[in-house]
Amino acid sequence: MAGNLLANYVQVYVMLPLDIITVDNKFEKADETRAQLQKLVEAGVDGVMLDVWWGLVEGKAPGVYDWSAYKQVFKLVQEAGLKLQAIMSCHQCGGNVGDVVNIPIPQWVRDIGESNPDIFYTNWRGTRNIEYLTLGVDDQPIFHGRTAIQLYADYMKSFRENMAEFLDAGVIVDIEVGLGPAGEMRYPSYPQSQGWVFPGIGEFICYDKYLEADFKAAATAAGHPEWELPDDAGEYNDTPEKTQFFADNGTYQTEKGKFFLTWYSNKLIKHGDKILDEANKVFLGCRAQLAIKVSGIHWWYRVPNHAAELTAGYYNLDDRDGYRTIAHMLTRHYASMNFTCAEMRDNEQSSEAKSAPEELVQQVLSAGWREGLHVACENALGRYDATAYNTILRNARPQGINKNGPPEHKLYGFTYLRVSDELLKEQNYATFKTFVRRMHANLDYNAQIDPVPPMKRSKPEIPIEEILEVAQPRLEPFPFDKNTDLPV
């Protein structure tokens with residue numbers, strides 16, 4: 001019986017604090033961290049997740065990497081007997097929801113931006129966003145002779161060389177490849193640092209000179225040299241109907257609008273594809289899997305234009321699956337897809353936001369499962385209550401426990417955001433422990449679950465035309481029960 005039940009076990013990871021390493025790349029919280037890890041072990045969790053900040057490690061000079069602080073943290077994780085998911089965080093910490101510390105991208109990279117601000121994502125007003133380099137410079141050798149993709153690849157190579165002991169020992173099981181702001185594969189379409197507030201639709205962010213030139217070339221090749229980037233899509237805090245682009249029968253439904261949206265979302269998919277290909281070469285043979293993070297943009301999901309998803313780069317409409325395309329690209333790299341907002345219920349959202357997190361989770365998880373991927377989830381906001389945990393449990397096994405073997409669908413893992421004094425308080429901690437046990441199908445912690453095979457070389461590149469074939473028709477999601485059969 002336990003053997004069959006084991007197939008229902010979903011691993012639980014917990015994010016470590018954002019400020020575990022200081023802004024000058026020192027680890028000064030050894031005792032505190034050791035105590036937190038001990039509490040997590042007692043709660044039965046499988047492992048932890050940690051941002052590995054590019055801005056700290058290669059902060060001083062190009063090609064000069066200092067891993068000493070991270071090695072100390074990894075050592076403590078190893079001593080605690082926990083597994084580790086490492087995020088290759090090539091973005092700035094600061095300016096997004098929950099950021100308590102400010103870690104910019106390396107100063108020497110920002111210095112290049114002083115004379116060439118087009119290395120940064122740019123909105124239609126020309127406002128720059130310094131959280132992450134525009135994907136327009138992915139192949140531009142302007143960083144002391146290196147392209148942006150080479151910067152990321154070299155960073156990962158150095159990680160691989162310096163963290164070999166933890167990779168070889170099976171401590172690091174997951175390499176999450178940061179692909180944009182907040183480590184998510186998206187455009188920085190809703191920056192709080194520039195005045196965005198929920199539920200604004202956000203803005204298209206493709207007005208740096210590199211992406212403008214790319215769009216111009218694409219439009220010309222398509223026989224429309226007169227087409228320009230959108231100038232009618234409104235501002236960060238607009239509602240869709242206030243704009244010409246997203247209005248009923250708006251620009252997004254015209255030939256020109258569809259061309260732009262296809263180009264904009266395809267650029268993001270190619271960006272992820274190229275960097276995952278580099279990551280795959282770097283970690284080839286390691287017993288770790290690659291993963292990416294997809295953002296949970298649940299506001300304006302209930303309206304036909306899906307405006308907030310579109311500005312972020314997810315070309316998702318009622319008749320077009322903007323997540324299945326991403327999932328299909330990931331199959332090439334045997335990579336897993338990590339999605340957020342697993343704790344949210346529709347009835348917790350304000351009606352004006354036209355938000356539907358439950359349907360969005362259902363759609364994205366179904367898209368990943370249809371492509372045969374490992375799908376993982378996180379919660380978007382810190383929660384300690386039974387309702388949130390029970391929603392996560394429902395999403396982890398949408399049709400409940402199967403006593404006779406693997407359930408039809410289940411999450412590969414769940415990462416809880418994040419460890420804190422609040423989580424470890426008596427009642428919160430007791431509820432969390434129960435939650436972990438329920439995720440484990442009421443079984444004891446099992447270190448042997450889901451062993452990770454050595455990473456294989458990525459398959460040949462999938463042509464973008466083939467990727468786009470899975471966008472339509474948008475299939476019905478798999479059925480999800482209303483509530484979990486194993487509540488906390």
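Every residue, even glycine, has its Cβ placed from backbone N, Cα and C.
Keep in mind the model is a prediction, meaning the values are calculated, not measured.
Marked as active site, proton donor by TrEMBL: Glu184. Here TrEMBL flags Glu378 as active site, proton acceptor. Residues or ranges marked as substrate binding site by TrEMBL: Asp51, His91, Asp99, Lys293, His298, Thr340, Asn379, Ala380, Arg418.
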- Message: I need the least crowded one of these recorded positions (Asp51, Asp99, Glu184, Glu378), counting other C-beta atoms within 10 angstroms of each C-beta.
- Response: Asp99
- Query: So how many other Cβ atoms are close to Asn379 (substrate binding site), meaning within 10 Å of its Cβ?
  - Reply: 22
- Message: Among His298, Arg418, the binding-site residues in question, whose Cβ has the most other Cβ atoms within 10 Å in this structure?
- Response: His298
- Among Asp51, His91, Asp99, Lys293, His298, Thr340, Asn379, Ala380, Arg418, which the record lists as binding substrate, the farthest-apart pair of C-alpha atoms sits at a distance in angstrom of 24
- Query: Whole-number Å distance between the CA of Asn379 (substrate binding site) and the CA of Glu184 (active site, proton donor)?
  - Reply: 14
- Query: Cα distance, the residue listed as 'active site, proton acceptor' to Glu184 (active site, proton donor), nearest Å?
  - Reply: 12
- Among the binding-site residues listed here (Asp51, Asp99, His298, Arg418), which has the Cα closest to the Cα of the residue listed as 'active site, proton acceptor'? Arg418
